[in-house]
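S.K.: The anthranilate 1 binding site feature in Swiss-Prot is assigned to G79, N110. Among the features that Swiss-Prot reports, 5-phospho-alpha-D-ribose 1-diphosphate binding site is placed at G79, 82-83, T87, 89-92, 107-115, A119. The Mg(2+) 1 binding site annotation in Swiss-Prot covers S91, E224. Residues or ranges marked as anthranilate 2 binding site by Swiss-Prot on the basis of sequence analysis: R165. Feature annotation from Swiss-Prot assigns Mg(2+) 2 binding site to D223, E224.
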Amino acid sequence: MKAILSRLFNHEELTRKEAKNLLLNITRGMYNDAQIAALLTVFQMRGIKVEELIGFREALLTTRIPIDFSAYTPIDIVGTGGDGKNTFNISTCACFIVAGAGYHVAKHGNYGATSVSGASNVIEQHGVKFTNNPDKLTRSMEECGMVYMHAQLFNPAMKSVGPVRKALQVRTIFNLLGPLVNPCLPAYQLLGVADLPQMRLYTNVFQKLGIGFAVVNNLDGYDEISLTDEFKVMTNRYETIYKPSELGFSLARQEELYGGNTPEEASKIFNNVLENKATKAQTDCVLINASFAIQAMEPAKPIEECVAIARESLESGKALNTLKKFVELNS
């Protein structure tokens, strides 16, 4: 570890193989918490390179419990987390709107590491019992178009760094890795990132991996489209900065997207959105993220049509019915 840290301090890059072996050693318990914290800190300060990130991804995928949903060509909708904004569960809400619109969603998530309520927290609040049983998950995909995979059941290696991540309370390379290690290797991905350098990083990674993608960033630092400012979208086909008004949305205020002080409060907001009882700012924020997820799967559709599809899923009750069926199947 000392030699690796020295190289990183000198701004040297690791090869894909070196990065893979480094993370495999961490998952095998070969380093203590102080060493892991030092490693996470130096990567946060100097930044991670494309080949390093792919190497880390390969390490975690080596140790994962795989599951095959390739027949469904699903999408995962996720943010890197760690943006410090403590928003409600926007990506997870968007998943149910997309599934309600008839698409297949394979959501991979975890408990909140730097926020009150991560995806696993809000899903668990509904009485869902996490599983890695392929038969149960396939039934959920078949009957409601939505699967939730709790990261710790599929990526047991992540447990070894959980306490360090919680103690640091800042974004780390594991926030960057989380969206890349969905155990079913989804065909599509909507990924929210907190800054423009991350957009470039992930765009390069997704292009090398051959994944259909949309990477989004609100220019005021949210790791999702928050509508609190202009936002940028990068896909296989285009790179554009949008103003919310260009797509028929109002500008939101940061406090309108607050996720609450407890998982219970976050769950209430989540339910309000899918019951179509939320505030306009909360609803619009979820709809716009769901819309770009739909376009990631159907790139020929203009974004205005994707917004209409997402809105119909919510306002018709299809998104809520998807949630109810999902809870019934997974409780």
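Note: Cβ is positioned from N, Cα and C throughout, glycine not excepted.
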S.K.: Need this for a regression test: binding-site residues G79, N110, R165, filtered to those with Cα within 10 Å of D223 (Mg(2+) 2 binding site). What's left?
M.R.: G79
S.K.: Could you state the CA-to-CA distance between G79 (anthranilate 1 binding site) and the residue listed as 'anthranilate 2 binding site' to the nearest Å?
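M.R.: About 17 Å separate the Cα atoms of these two residues.
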S.K.: List the binding-site residues among S91, Y111, R165 whose C-alpha is within 10 Å of the C-alpha of E224 (Mg(2+) 1 binding site), in sequence order, or say none.
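M.R.: Neighbours among binding-site residues, in sequence order: S91.
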S.K.: How would DSSP class E224 (Mg(2+) 1 binding site) in three states?
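M.R.: Reduced to three states, the DSSP call for E224 (Mg(2+) 1 binding site) is coil.
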S.K.: How big is the Cα-to-Cα gap, in Å, between S91 (5-phospho-alpha-D-ribose 1-diphosphate binding site) and N110 (anthranilate 1 binding site)?
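M.R.: Spelling it out, the Cα of S91 (5-phospho-alpha-D-ribose 1-diphosphate binding site) and the Cα of N110 (anthranilate 1 binding site) are 13 Å apart.
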S.K.: Work out how many Å separate Y111 (5-phospho-alpha-D-ribose 1-diphosphate binding site) and R165 (anthranilate 2 binding site) at their Cα atoms, rounded off.
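M.R.: So the Cα of R165 (anthranilate 2 binding site) lies 12 Å away from that of Y111 (5-phospho-alpha-D-ribose 1-diphosphate binding site).
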S.K.: Tell me the Cβ contacts of N110 (anthranilate 1 binding site) under 8 Å, same chain only and six or more apart in sequence, or just say none.
M.R.: G118, A119, S120, H150, A151, Q152, M158, G178
S.K.: Return only the integer: C-alpha distance in Å from T87 (5-phospho-alpha-D-ribose 1-diphosphate binding site) to R165 (anthranilate 2 binding site).
M.R.: 19
S.K.: Count, for each of the binding-site residues D223, E224, the other C-beta atoms lying within 10 angstroms of its own C-beta, and report the residue with the smallest count.
M.R.: D223
